């Protein structure tokens, strides 16, 4: 009796990277926008008046909510076919939920922002505003769940396959939002210590979640540890995470004891934003270099064109421009109304 030897091999065609830097920008800005909307909704439904902080959070939310979809459309393949999500709904997939939540979130948020500015400029309020705030918050929750789960359900990438992924993405975006609120607040603001404590507790929760994720006896945790052991670049990114986390936490701790100068507040927000962005870059782009079938890593070099550095700088430039344009337009209207 003879036994034939069967050799099975997996052959894969070379292919371009699936997600481009545009996707990192989308996940970065939409996370901050969702956290800002949730915080603003909390302030709106409180009994205490916090109109200044609510308007500040709404400004952050609306500018990020405008920037994020533009980055997403640049990353999508065959953008003109986005209407297929609505013509042929597939509710068992996570991406169509994004096509539902994203326009609803942006629309409700824009109406809420306009209602707040009308109240601030003309002292005219609407009962529907609180429901716009609630609708924006619900859509924000949907966006946070969808953006986390559309990645963490991918079993083909074991590093992504974890419930810790969406939690870590949410907490990293929340601490970045708190940093933006800190840098925009007045030094004598009575609510500044509460925001500082909010960021400290968020950073502590983020550190705990990431530590449990990496050290856990799960498929994802094991894959992360193996990646750090084998790939030198993974070690560098891990060191970057820890360094930025420590720097941000240190700046927050110092701010509780002594008021930070404007320079240190800028360094705080840059450190927090860098931590939020680097986590997304590492998990969304660098994880794609981990091989599925072969025994070697797939090196990725960031190009300088519209799919590389230009995309990153352009979206940040757009966001800053929106902040300046909207803020100065509102300030100009305020001065004109005050002086007739």
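Including glycine, each Cβ sits where the backbone N, Cα and C put it.
If you look up Swiss-Prot, you'll see 19-39, 57-77, 94-114, 128-148, 164-184, 195-215, 236-256, 266-286, 306-326 marked as transmembrane segment.
Non-local neighbours of the transmembrane segment (195-215) in the same chain are 162, 164-165, 167-168, 171-172, 174-175, 178-179, 181-182, 185, 221, 224-225, 241, 245, 248-249, 252-253, 255-256, 272; each lies 6+ residues outside the stretch with a CB under 8 Å from one of its CB atoms. Residues of the same chain lying 6 or more positions beyond the ends of the transmembrane segment (236-256) and with a Cβ under 8 Å from any Cβ of it are 175, 179, 182, 192-193, 196-197, 199-200, 203-204, 206-207, 210, 228, 264-265, 267-268, 271-272, 274-275, 278-279, 282, 286. If you look at the transmembrane segment (306-326), the same-chain residues 6 or more away from its ends with a CB under 8 A from one of its CBs are 20-22, 24-25, 29, 59, 62-64, 66-67, 70-71, 74.
Across 128-148, 164-184, 266-286, stretch 164-184 shows the highest tally of CB pairs under 8 A with the transmembrane segment (19-39).
Here the transmembrane segment (128-148) has long-range neighbours at 27, 30-31, 33-35, 37-38, 40-41, 44-45, 61, 94-95, 97-98, 100-102, 104-105, 108-109, 111-112, 115-116, 119, 165-167, 169-170, meaning same-chain residues at least 6 beyond its ends whose C-beta is under 8 angstroms from one of its own. For the transmembrane segment (266-286), the list of distant contacts is 17, 19, 21, 23-24, 27-28, 31-32, 151, 159-160, 165, 168-169, 172-173, 175-176, 178-180, 182-183, 199, 233-234, 237, 240-241, 244-245, 247-248, 251-252, 255, 260, 300: same-chain residues at least six beyond its ends, Cβ to Cβ under 8 Å.
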